[in-house]
Ligand SMILES: [Zn+2]
């Protein structure tokens, strides 16, 4: 059989923050893709669908169940292309991991190491840091999405420190005062001396929060939550609601301080995206997203988690960027190598492991061709129905429904056809030097 274009089934993860049962788009997709094997358990959370060759959940060929990783390893040139093999020096793995996440409650506040730090951490502690790769990631909202992303602008943080007694108390009068007196506000040039001083001050405040003794976390968070009911005007409506909601997701957690009070609360509308560089702090709160990342599973966690927290590493590693939340969003670009009905949006972050192409056929009986891409790609249908085929090869036609996933080899021209209104696909791909 030819492996130029074929259907695959993805593995999934039942992390406890996922949406429950068939309310989760991850469960729906997994079931649609393989109805005879995947029964949805109405009591289980379905959090993540994993599409790629990552060792802990490699996707499999739909018909035979053969692991995609094995197929890649058998014919690396055909599956990855020479350029990708040369660049990433692997004949076994696709350089990216594509996921769908269905988030019901907040995931841990986290950051991912860059390459250098990932190697160090993996060497020192392979149990908590399972591989030596970096993990830049990009989130594309499928439904309205809510998350934390980067630190709040410093004026905002300063004002919260001044106003909220519990926050002041855990930071201490001395540092609160020092922060207030020494931060540079207004327009501060990136990487200027002022900017460095600002980041240092921010780091001191964050470190203080993260090192709060466990014995004090419960009382401080309890008082903070109480104050949102007693004096909501101190926080403003949105912040009040956010703290109360986080308290119900993850009661009495330090994340109420290091997340709600320190990080940007960011909302993405469907189609909007954000890219997280290595060492940027973030957390996802709610919504369905398509996520793409470099193939890695390294996470350093700060809050809203029962898992291992590596506070010293975290405090030390962060970028401490404090930009306005709008600055963190990514704008889609026009893709020039496709034509026909409908349109594409290209999300192309400044790294080489991946880009994501969203294709939309907004009416029935539409056709859209995409030229061959120079590396491996994985496409998932998220909405509507239609077919996918190798261009000009009618006998290669495969059915498309939400949750159907396809692997496409390098240089294979494809055609998508819609048989319903609003047919949407996301395709992650890796092209070196584009
Ligand atoms: Zn992350």
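Using the three backbone atoms N, Cα and C, a Cβ is placed for every residue, glycine included.
Now, the feature entries from TrEMBL:
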type	residues	note
DOMAIN	5-154	domain 'Phosphomannose isomerase type I catalytic'
BINDING	110, 112, 137, 282	Zn(2+) binding site
DOMAIN	170-263	domain 'Phosphomannose isomerase type I helical insertion'
ACT_SITE	301	active site
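Where TrEMBL records a feature, it is marked here on the structure.
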residue: 110; record: Zn(2+) binding site; DSSP class: strand
residue: 137; record: Zn(2+) binding site; DSSP class: strand
residue: 282; record: Zn(2+) binding site; DSSP class: strand
residue: 301; record: active site; DSSP class: strand
Listed in sequence order, residues with CB under 8 A of residue 301 (active site) and six or more positions away: 108, 109, 110, 307, 308, 309, 310, 314
Near ligand 1, meaning Cβ under 6 Å from any of its atoms: which of the recorded positions 110, 137, 301 fit that description? 110, 137
Using the CB centroid of 110, 112, 137, 282 as the Zn(2+) site centre, which other residues of the same chain sit with their CB within 8 A? 111, 135, 276, 280, 281, 299
Taking the Cβ of residue 112 (Zn(2+) binding site) as the centre, count every other Cβ atom within 10 Å, in any protein chain shown. 26
Neighbouring C-beta atoms (10 Å sphere around the C-beta of residue 282 (Zn(2+) binding site)): 22
Among all the protein chains here, how many other CB atoms are within 10 A of the CB of residue 137 (Zn(2+) binding site)? 23
